[in-house]
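Here the structure is laid out as structure tokens; the discussion comes afterwards.
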């Protein structure tokens, strides 16, 4: 069936992507480039934002190419570019690492547009659009994606213990190759359907896509919510490792035999816990849709934004609580408050993705789907890049404060 053909490839590609997540900070923080060790966060931020700048710059063009020349071709291009980006982490040369991040940014544009556009296009061709909500929801893409991510966290931890922080990136290449092979064998090519004004050719332009967005307020609203929510999420992605590491170090310091003992943070395990929370959120979405309690206009997305603001605010305030009250007066209680906040955040993220996927399938026209999806990546990535250009001035708390503001606006 269409669902099986899509999910077999989608989960392999997502496994490759998730494998790189837990050790993204560590693999780049381990590079020095002749700078002082204390500037690791600055270097990681610059490399991180290079990928986002690449996504913002090339995303609309990549989307147009996918709609014009094929979503399957776009998926195969993702596997190639992401593999090259993964291999770049083995280098200690700044130029190679920057090039890898540029390729990874272009690949990210493809990952978050080409497979979904292929699925929606095939569903329209086969007349099974009504099954898309199920595919995005409880039993399929994003619920299963959370399980894949949990496994990825454990595999990443094992690979890192054997090969260092580049290990997970090396393993991800195998999944990219397998996903590319399956898509080449199991998927038929499809391109954007022709809109009413086409002259017989399927060749959507960026200008046409901008007009489509301007002419439909619902597309504008869905895209704005996507840009604001996901910018907050990506700000969180780079900030959680140092936050958790500091809290873990503070808690376990009292058990150390001497001050020189260093306690390693189990990033893979923490990441797997995050993904378990995402699975919970996706399951809630599936239950809501199956019981028909999500309205036709998708207002549950606004609820998700409100819910997500609360744990981010808790994350910002948690370091202050030991001073402000007795709620977190010890390192143990501080760690508990922090982790509860982060788990709550990830649960909301798990509910968000199937919600926004369903909304996009409903409101984004197939004639310009990939282009429109990538157009909204421009403000998303611009916000993320701006934050990380100023990360030293903002600090972790300031960055998370801006993500809370973005979620409030999305609401």
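Counting starts with 1 at the first residue shown.
Backbone N, Cα and C define each Cβ position, glycine as well.
Of the given residue ranges 219-237, 238-256, TrEMBL assigns the label transmembrane segment to 219-237. Taking TrEMBL as the reference, the stretch among 40-62, 63-85 described by the feature transmembrane segment is residues 40-62. Only pairs six or more apart in sequence are counted, and the transmembrane segment (332-359) with the transmembrane segment (219-237) gives three or more Cβ pairs under 8 Å, enough to call it a contact.
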